[in-house]
Amino acid sequence: MPTSYLDGMRGLAALFVFFCHYFYQAFIIAEGYGSAAHNYHFLKLPIIRLFYQGPPAVCLFFVISGYALSYKPLKLIRSQNYEGFASTMSSLTFRRIIRLYLPPAFSTLMVVILLRLGVYEWTRTFANDRAYMKNVVEPHPERLATSSEQVWHWAWSMFKFVHVFGWNKFGGSTSYDVHLWTIPVEFRCSIYLFITTIAVARLRTSVRFLTMLGIMSFTYRNQRWELFLFYSGMVLAELDLIRGAHSPAPALPILEKTYSKKSALGGVIWAMMSILALVLMSQPDARCSDTPGWKWLCSMIPTWWQEEGYRYWQSAGAILFVLSVSHSPRWQRFFNTAPIQYFGKISFAMYLVHGPVLHTVGYMIEKQAYGMTGIEGWWYNAGFVLSSFGCVPAVIWAADVFWRLIDVPTVKFARWFETKCIKQQ
């Protein structure tokens, strides 16, 4: 696939989200380098902090989703294949809810089963113990009195989880896995993207871009960063189609010199742009105005964007990074390497299972590790590092199993179900 590098990018983003939820229970990771006396560790420097900073990874998710969902429809629009476009849009819309919600239904049902088996009770005390959870204490799923009550509670939670009709910004999450708040956001943004794509399908290219500029300006002014990122992905996809970014390169004679100063200069420029993008994505989630190097940039955030202000430059950086990588063969080769492509394959599964695995097996491993090292001073850090040798492989293994047993069959089921439901011509 010509855009397979986006899968690799998504895979690393999912891995970094997992690291975020693993690290933030133990350490203050939201604050930037130099913002306070305790924030002078090199791991808090820009770019380095992206390895465990979750919000920029979420911004990348949304840009990539907007790009991936609109790429084929836009390609059909540009070739004026409106019959194929109609069929593609129908298929995407029909399968989207199955693709987004069926795997979380399985992952949260797994949580219900573990609750009823008492597995979560083994780590409940640890999960709420401030001696171990020195920063963020995530809610531990509640075990109700009876299994029937638990199942009904889960079913109602899933019903409310399909959030598309409310007008408030986000639909919240489910108490069975608080990390899943992005799923309803993805669904609603997907529906908006599909509607917009249909609306602009028959417009001239220039008019389509002007229309998208107007829509994106509206979402920007209303601080709907999630919609802005989806629409940005759509615009980037069409820009790549216009310049033939993913078209097969023409065959050249073996001795023909393809290297030029112009292409070399372009490579340097896009490499520098990608570094700038990574720096912008490194905007601290907290105390931005107290962070050296960020005070001026944070002062530029509009007054009407103060809520979730940390998303401002992170969003800009995510858009710029996807744009830069689309112009950089070296970045694309990096994201197309086998290990990173593997993380791309299990990315959705990792996103769904890392919370339940951490709250059960992960906390048990951490408790054993801290029991060996102690929790005083640097021994706490040693215990955390020691536990990572068990927690990280456990999450990756669980994600691999979930991907093979649930995620892949879900994709196949959605296609099979669609073929059974559509009207045969």
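Cβ coordinates are placed from backbone N, Cα and C, and glycine is handled just like the others.
TrEMBL labels come from automatic prediction, so no person has curated them.
Database features (TrEMBL):
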type     : residues : note
DOMAIN   : 5-392    : domain 'Acyltransferase 3'
TRANSMEM : 12-30    : transmembrane segment
TRANSMEM : 50-69    : transmembrane segment
TRANSMEM : 100-119  : transmembrane segment
TRANSMEM : 185-204  : transmembrane segment
TRANSMEM : 263-281  : transmembrane segment
TRANSMEM : 348-366  : transmembrane segment
TRANSMEM : 378-399  : transmembrane segment
Handout entry: Of 50-69, 100-119, 263-281, 348-366, 378-399, whichever stretch has the most CB pairs under 8 A to the transmembrane segment (12-30)
Key = 50-69
Completion exercise
Sequence-distant residues near the transmembrane segment (100-119) by C-beta distance (under 8 Å, 6 or more away from its ends) are 141-143, 147, 150-151, 154, 157-158, 161-162, 174, 176-177, 180, 183, 186-187, 190, 348-349, 352-353, 356, 360, 402, 406-407, 410, 413-414
Problem - Folded-back contacts onto the transmembrane segment (348-366), same chain, C-beta under 8 angstroms, at least six residues removed - result: 14-15, 17-18, 21-22, 103-104, 107, 110-111, 114, 119-120, 122-123, 126-127, 132, 138, 140-141, 177-180, 383-384, 387, 390-391, 394-396, 398-400, 402-403, 406-407
Fill in the blank from the handout: Per the Cβ under 8 Å criterion, with at least 6 residues separating them from its ends, the transmembrane segment (50-69) contacts 3, 6, 9-10, 13-14, 16-17, 19-24, 29, 43, 92, 182, 185-186, 189-190, 193-194, 225-226, 229-234, 236-237, 278, 281-283, 285, 310-311, 314-315, 317-319, 321-322
Practice task
Would you mind listing the long-range same-chain contacts of the transmembrane segment (185-204), meaning Cβ under 8 Å and 6+ residues beyond its ends?
Solution key: 61-62, 65-66, 69-70, 73-74, 77, 82, 85, 89, 92-93, 96-97, 100-101, 162-164, 170-171, 211-212, 215, 226-227, 230-231, 234
